[in-house]
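Some notes on the structure that comes next.
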Ligand SMILES: Cc1cc2nc3c(=O)[nH]c(=O)nc-3n(C[C@H](O)[C@H](O)[C@H](O)COP(=O)(O)OP(=O)(O)OC[C@H]3O[C@@H](n4cnc5c(N)ncnc54)[C@H](O)[C@@H]3O)c2cc1C
């Protein structure tokens, strides 16, 4: 019997992952995703989708390692299944190169990706501006395929989706027994949470089918990620910049930096551009809160502020968020019995 009505606000990679986790692991819950925008119009849709976490302050490395590992393992299983091409998930190998020695040569996620090692001198010869490099195999999760696939999985688990802009969580609590806030940048006005801000990212798509290996500058400024139908070349990281229009100067800078890193791109044709706003926050917010309405206490679980690595930790944070609801429901049942 599905006696707990759950609303998930947001249909990006964080919201849909959370919705699927709840629908599949908490049988007493009926899940409805409410979102202003669905695929292909979310920020998640444009993300390059490379699995590579960043480090959030004030969150233990152990917890961040778990989020990444759970996401990696979940997507690796998909990559090895017959669902891989429909879900848009596949393994990709490449290099992360550094102009200066990084403070940590072995990052906290090194044991999660496959075959992590330092690059040899011979490999580094291709990168005369760089002194040090890491070679590893990770995953690429292309959200234009992955989000519709997740949505299908949600519907198969009995979930529902509804296009709607939520302007008041308190009002939503009138109709639901629990709410997940996975609204990304939307949390700035919805809560409102003034700690949320955009980090503008501009990328371009290139026709360069000879490239199969990714290359990324360790400072995150420049990256070349081959995908199913094009190569993603980036990027920019402009804090507090809300512009969604294409900036021609940014495009020229991206092309120039990427060609310096991978000279064969001089022969590549530009096939498109995209601009997105990373939903950034000083630190990711994943915690339990509550709303009080008409004498009822409605659990509210926040899961937003994933910045530049929402795809990379999507499943891990979704599992963590659904665990918080599980605990809240357990406590409610206990109180009801007392
Ligand atoms: C250029 C670029 C490249 C990137 N590359 C990578 C990468 O390689 N790897 C990686 O891990 N990450 C990458 N990212 C980051 C990644 O895109 C984000 O971390 C991720 O998309 C965040 O997902 P989300 O679901 O929180 O937000 P979103 O995808 O923005 O989804 C938010 C959802 O909430 C809904 N919403 C908001 N407010 C309301 C409201 N009031 N009512 C109803 N619905 C609401 C929206 O409509 C939407 O459905 C990249 C980002 C950019 C811009």
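Just so it is clear, glycine is given a Cβ too, placed from its N, Cα and C backbone atoms.
No curator has checked TrEMBL annotations; they are predicted automatically.
Marked as signal peptide by TrEMBL: 1-19. Summarising the annotation, TrEMBL assigns domain 'FAD dependent oxidoreductase' to 5-318. TrEMBL lists 43, 44, 166 with the feature FAD binding site. Taken from TrEMBL, the feature D-dopa binding site applies to 223, 278, 308.
Taking Cβ pairs closer than 8 Å, the signal peptide (1-19) reaches residues 26-35, 37-39, 42-44, 47, 141, 143, 146-147, 150-151, 154, 158-159, 161, 166, 169, 172, 175-184, 186, 190, 303-304, 306, 310-311, 314-315, 317-318, 321-322, 325, 329 in its own chain, all 6 or more past its ends. When the Cα positions of 223, 278, 308 are compared pair by pair, the longest gap among these D-dopa-binding residues is 16 Å.
A Cβ distance below 6 Å to any atom of ligand 1 is met, among the binding-site residues 43, 44, 223, 278, 308, by 43, 44, 278, 308. Ranking the binding-site residues 223, 308 by the number of CB atoms within 10 A of their own CB puts 223 at the top. In three-state terms derived from DSSP, residue 278 (D-dopa binding site) belongs to an extended strand segment.
Among the listed binding-site residues, namely 43, 44, the Cβ with the most fellow Cβ atoms inside 10 Å is that of 44.
Calculated from their C-alpha atoms, the gap between residue 166 (FAD binding site) and residue 278 (D-dopa binding site) amounts to 20 Å. Geometry remark: residue 308 (D-dopa binding site) versus residue 43 (FAD binding site), CA distance 11 Å. Following the DSSP three-state reduction, the secondary structure of residue 166 (FAD binding site) is coil.
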